[in-house]
Amino acid sequence: MTIKNYIKGFFSFSIGTWLRAVISFVSTPIISYLIVPEEFGKASMFTLVYNISLIISTIGLDQSFVRFYNEVEEEERGSLFWECILFPFLISILISSVFIVFEGKTSTFLFQIHYPFIGWFLSLSLITGLFQRFNELSVRMQKRGLVFSAIQIISALFNVIITILYAKFISADFYAIIAGQIGGNIAALLYGLLTDKENRKISRVNVSNIKKYLSYGLPFIPTFLITWLFTSMDRISLRYYSTFNEMGLYTAAFKLVSVMNLIQTGFTTYWVPVAYEKYSKEPENKDFYRKAFLVVSLVMYIFGLLVIGFKDIIFLLFAKSYREASYIAPFLILMPIMYTISETTVMGINFKKKTYWHIVIAATSALANFVGNTLLVPILGGKGAAISTGLSYIVFFSMRTLISKRLYDVKYDLSKIVVSNIVIVIVALIGTFRRSTLETILSALVGILVVLLLYHKELKYLMKTQKISKSLKAKFVNK
């Protein structure tokens with residue numbers, strides 16, 4: 001594959017993620033004028049249950065679908081699709097039955113009061129979400145980037161449109177957000193079926209194949225469940241110690257983090273295959289990973305400090321009832337920063353195939369997050385959850401890096417990370433507890449200056465690379 005085709009393929013897959021995030025970022029302020037924070041909080045609790053139900057339903061067979069896709073003949077891929085989705089579908093039906101039969105208890109557990117039809121909404125979300133998961137995977141494995149992006153964009157657009165219409169003309173409550181989610185799944189599924197008919201034809205199911213796929217997929221479940229616990233501890237704690245209003249503000253603050261998630265998703269999509277390819281060809285070229293680590297660190301810290309600095313201005317777009325979310329957001333920025341940088345340092349674990357360490361890392365990070373949330377949420381509410389979550393991601397990064405370094409010793413300059421983390425934590429503290437927008441902006445600018453001085457060599461390298469890239473592009477266009 002030529003560089004031109006590789007870049008074309010990369011952008012065809014990335015455009016959906018970018019536009020979906022933009023749609024979410026633009027639509028959230030609009031929805032904030034229609035739905036109050038308390039209802040946002042209830043929708044967040046609904047999503048929490050939906051996510052763990054989806055993990056249990058798939059039982060790792062989504063990973064099996066990806067793993068064995070290129071090992072079966074093209075005409076057998078329809079069978080693979082149904083062999084991997086059959087058990088998850090049956091499990092989702094079973095879980096849905098529990099939701100419907102015990103609807104009252106489920107609703108009371110989630111929201112403290114009984115909401116009608118909540119069991120049916122959970123069931124529809126789960127089943128459509130399950131098929132949407134395999135819908136995206138099927139197109140992705142065919143490397144149909146534009147179709148993959150179209151599925152994501154259609155899902156996001158219908159989600160927003162249905163949410164707004166439901167809130168405007170039916171009821172401005174959390175049902176609107178749930179209806180949007182289900183509508184987005186259905187619209188994306190229909191588009192996927194229309195554009196990928198050949199790979200969705202119902203075929204003969206081979207039981208021995210299912211056993212093979214289960215033996216591969218089931219070991220993923222403990223890791224996924226621990227990871228879910230790690231990433232959900234904040235909302236679980238807010239549900240137990242705080243209010244739905246506070247949870248709604250916390251959810252709104254997460255929307256600001258979606259700006260950083262753009263960079264995280266785009267980089268991870270590009271980096272992982274490149275890192276594996278480099279290792280397979282030049283396993284001793286460790287300087288490649290060191291340089292990537294430094295450049296990514298510089299970019300992520302600069303973007304993170306900019307988002308923290310101008311958070312108050314961004315939240316002026318939201319309804320007044322959501323403005324307090326700007327004081328919850330700063331520490332949440334540490335999530336995409338630490339995760340993205342750790343993607344450059346964790347590869348040693350994967351190269352050496354010691355993937356059991358991922359369970360240890362997720363469990364330790366989840367424990368740290370549990371302790372932090374237990375101590376801070378009763379006192380600080382959403383701010384406490386954000387602080388605990390942000391700091392636990394520093395633990396997550398540290399464990400990934402140190403364990404990976406023992407397995408594949410790359411000379412990372414971790415002193416720069418320590419200083420940068422101290423800087424961004426100080427700026428985040430100012431952004432969390434000080435009410436002055438000017439102080440937040442000034443502290444962020446000072447933080448950026450410190451980071452630029454710290455990474456001045458990497459900055460020069462980036463600027464030099466940019467000049468070379470422009471020069472090559474000009475020559476390519478002239479040809």
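Count begins at 1; order follows the chain as displayed.
Backbone N, Cα and C define each Cβ position, glycine as well.
These come from TrEMBL:
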TRANSMEM  12-36  transmembrane segment
TRANSMEM  80-102  transmembrane segment
TRANSMEM  114-134  transmembrane segment
TRANSMEM  146-168  transmembrane segment
TRANSMEM  213-230  transmembrane segment
TRANSMEM  250-272  transmembrane segment
TRANSMEM  293-319  transmembrane segment
TRANSMEM  325-349  transmembrane segment
TRANSMEM  356-379  transmembrane segment
TRANSMEM  385-402  transmembrane segment
TRANSMEM  414-431  transmembrane segment
TRANSMEM  437-455  transmembrane segment
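Of the recorded ranges 80-102, 114-134, 325-349, 437-455, the transmembrane segment (213-230) has the largest number of C-beta contacts under 8 angstroms with 80-102.
Outside the transmembrane segment (437-455) by six or more residues, the chain places 294, 297-298, 301-302, 305-306, 308-313, 416, 419-420, 423-424, 426-427, 430-431 with a CB less than 8 A from a CB of the stretch. If you count C-beta pairs under 8 angstroms between the transmembrane segment (293-319) and each of 114-134, 146-168, 385-402, 414-431, the highest count goes to 414-431. Residues 230, 233-235, 237-238, 250, 253, 328-335, 337-339, 341-342, 345-346, 349, 360-362, 364-366, 368-369, 371-373, 375-377, 412, 414, 417, 421, 425, 428, 432 of the same chain sit 6 or more residues outside the transmembrane segment (385-402) yet have a Cβ under 8 Å from a Cβ within it.
Cβ atoms under 8 Å from those of the transmembrane segment (114-134) belong to residues 46, 49-50, 53-54, 57-58, 62, 65, 81, 84-85, 88-89, 92-93, 95-96, 99-104, 106-108, 155, 175, 178-179, 181-182, 185-186, 188-189, 192 of the same chain, restricted to positions at least 6 beyond its ends. For the transmembrane segment (414-431), the residues of the chain that approach it from at least six positions outside its boundaries are 294, 297, 301, 304-305, 308-309, 311, 327, 329-331, 333-334, 337, 341, 390-391, 394, 397, 401, 439-440, 443-444, 446-447, 450-451, 454-455, judged by C-beta separation under 8 angstroms.
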